[in-house]
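Participant: Supplied in structure tokens, the structure appears directly below.
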Number of protein chains: 2
Amino acid sequence: MNIDEILEEVLDDIKPTEEEQRELKEMSSKIINKINEIIKQNPKYSVIIDVVQVGSTARNTHLRNNYDIDIFLVFDKNTEREVLEEIGLEVGKKVVEELGGEYWTEYAEHPYTSAVIDKYSLDIVPCYRIDWGEKIISAVDRTPLHNEFVKRKLEKNERLCDEVRLFKKFLKSIGIYGSDLKTKGFSGYLCELLVIHYGGFIEVLKNAKDWKIGEKIILEDIYKIYNLDKNYKFRKFDAPLIVYDPVDINRNVAAALSKDNFCKFVFYASLFLKNPSKGFFYDYYKHVDQKLEDREHGALLTLKIKRDKDIVDDIIYPQMEKLQRSINKIIEENEFVILRCDVHADEEFCYLSWEFLVYELPNVRLREGPSIFKKERVERFIRKYDKYFIRDCKLYAYTTRKYKNVYELFNDIIHGKLRGKISYPKYVNPENGVICKMYVKDTIKVAE
Amino acid sequence: MNIDEILEEVLDDIKPTEEEQRELKEMSSKIINKINEIIKQNPKYSVIIDVVQVGSTARNTHLRNNYDIDIFLVFDKNTEREVLEEIGLEVGKKVVEELGGEYWTEYAEHPYTSAVIDKYSLDIVPCYRIDWGEKIISAVDRTPLHNEFVKRKLEKNERLCDEVRLFKKFLKSIGIYGSDLKTKGFSGYLCELLVIHYGGFIEVLKNAKDWKIGEKIILEDIYKIYNLDKNYKFRKFDAPLIVYDPVDINRNVAAALSKDNFCKFVFYASLFLKNPSKGFFYDYYKHVDQKLEDREHGALLTLKIKRDKDIVDDIIYPQMEKLQRSINKIIEENEFVILRCDVHADEEFCYLSWEFLVYELPNVRLREGPSIFKKERVERFIRKYDKYFIRDCKLYAYTTRKYKNVYELFNDIIHGKLRGKISYPKYVNPENGVICKMYVKDTIKVAE
């Protein structure tokens, strides 16, 4: 199968059916009409000057079986924040009630209404109306402009919409779709911009395979919209990929993308172009993981920490990673070699897991000291250690190891004995942890 | 005890007794007189134009109980090498026979006579007469001039001779006296030059404590002897210590000194000056070794290789070290961490020993690959390894470890299976080795 055939077949799988599309449009119209009705009924709602559907279903770049409808209530800029929040929730609540759905309040920078109506997930979010190039007032104010920009470029270009779908599916399959702090991948908007910029999915890949860390992408439209000449000095960002936002050229749309995920994309773009196959679009990363797991292991250990259910992934994941980095320093100071480490959370627990090259080390430890020519450091070293000797112009000393195995070290961690050496994040406290799933060679030692 | 008191007490121990000195002089004179007699008896011996006693006993810098007498037969420059060797051995043999000793032939660059007469060890070595600044013909031709230089500086300065003795004793005690290829330390001549240069033992230490790698020492006399101005550019040497030979300024007297021994000297010079004690002069290094050994150990392994008895230490030691370095590369390639390694030989065997941080590693091995941006290397890597992944912009792969423990690796070495990867020195062949003395943690596993 050549690339074109592959893409056609994948598209057949992922493109929403006509029926799906029709139903989605009907439902969206119904919701928007209902909102407009409600606004008209009460003069105090006149601060809402526009109602726009945003998100991929509004822009026709969504994948099959996506029933997310995002509606933004655009408020007059002079509305007070409290009024915006109050009216935003009021209107949201009313429309869901009148359409017979279930609703609840979600909290981001400001509260908004989330709902389920039949098979549809609905978000009704209030924001301020800003103009192109204007400063935002609340965090989500750019969204209607993002929507406007993408719609303008993709409307009446069904093929380009399909290219965005293929790109999203590809990224999902290799595990890097989503700009949340757990995934650290590509947002939907970023996918759309890249397809618009390069003119297609394969064109994105062909360019991406040669990207380097710090790659800069400036859409042609940006020069037109802001009337910039070609020598304009754009703001600098320290990021693996910099895609200037047409809605705000001081913002990097790819800010959430991690270095490793950037590298993954560059690598798999190249790999796919060399050996194209449908497999890249269907849970490719799961197959890779499976292949990686199908091997022998070093010593495994997992720290399982009770999770506060109110804390969302976007907060808990960075904190788990921070704690793991902090623990890794202690592990390395104690000379245990980490083969692999990972974080993961389910609803109840945080799991920080490690795989070690060795589980146990001898009682003796060799400490590297200063060069024998550094007089002061030499004095401190020989005052501290007794069994020292000279090798390669440095002092070394034999001491007794503090932690003879990994379990002893983690036991001290969960009992708070390394409190001063580990930075505890707010919501992931290692002292709430238990050591579990400990495999050492062929023996399975379940510690707790 | 202050430094002066310490030095006096040590000197009391090490200075040859008057009786010893008298007897030594008597024996030396007897030998030299006998040689001169023999030379006079046969006109063909007239190519020997001088007979000189050299070495520390000749220069009054020897330690107590040293009964080595070195006699050089100085030949006319025009003598053919064969004649020099033949007559050298003939005269040597005759004098020992006439004095009733036992003799044998030793082989260095050319053969010479070694003998025992009563408690005295005697060497009778032929050499060519060269003048100051003249090129040598055989390797030992500089010795009479070394002797002349040192005698001129030390004669009638008994105190300076004693300072040399203290210096030698100190170096012996810390294990770095001797310029042979096993010790790689300070030769007697080097000790004498340093004491001459700095004016005393303590003065040597006071300077040495601030030495840096590449330290250059040029004796005042050199400028006088060769009529050099102060800006003269001396030959450059890549060595930790460079002491220009007054007899040949293109020669480094400290060439045999290893970097580690240089560092040891700098370190112990400083340590002694800060905390002077008699202990530094009496097998100090044995006490240090004892202290170092009195600890817990990692996994120990010794490779015991049959020694060819005809091969001297000066050949066998560098070869053992070369083989160990070569094996260490393989060990490190296979991820076993060496805590300590050493070579040692007795009359029958060479012993290459190791101490490892861990004896065994898991079956899985993590291989670090190229940066994902190095296209060609990436292609080779993923062609070679299947279970690869991306971390920190690099490819890594899980593979199966070839050697799961140290014993397996050494077993392949002694069975010649790593022949292509190890450079075999001429006289130390690992395939003649057996693995022995293997201690893993508390268990002692004697392999053979």
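Glycine is treated like the rest: Cβ placed from N, Cα and C.
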Participant: For the CTP site, TrEMBL lists A:Ser56, A:Arg59, A:Lys168, A:Tyr177; sort out which one of A:His146, A:His197 goes with them.
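Facilitator: Given A:Ser56, A:Arg59, A:Lys168, A:Tyr177 bind CTP in TrEMBL, the matching entry from A:His146, A:His197 is A:His146.
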Participant: Can you tell which of A:Asp13, A:Asp118, A:Asp123 TrEMBL lists as binding Mg(2+) with A:Asp68, A:Asp70?
Facilitator: A:Asp123
Participant: Which site among A:Asp68, A:Asp70 has the most other CB atoms no more than 10 Å from its CB, taking these as binding-site residues?
Facilitator: A:Asp70
Participant: To what whole number does the mean pLDDT across the domain 'tRNA nucleotidyltransferase substrate binding' (A:162-282) round?
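Facilitator: For the domain 'tRNA nucleotidyltransferase substrate binding' (A:162-282), the model's average pLDDT rounds to 97.
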Participant: I'm trying to understand the geometry here, so how far is the Cα atom of A:Asp68 (Mg(2+) binding site) from the Cα atom of A:Ser56 (CTP binding site), in Å to the nearest whole number?
Facilitator: 8
Participant: Across all the protein chains here, work out how many other Cβ atoms are within 10 Å of the Cβ of A:Arg59 (CTP binding site).
Facilitator: 23
Participant: What whole-number value in Å do you get for the largest C-alpha pair distance within A:Ser56, A:Arg59, A:His146, A:Lys168, A:Tyr177, the residues recorded as binding CTP?
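Facilitator: Binding-site diameter by Cα atoms for CTP: 18 Å.
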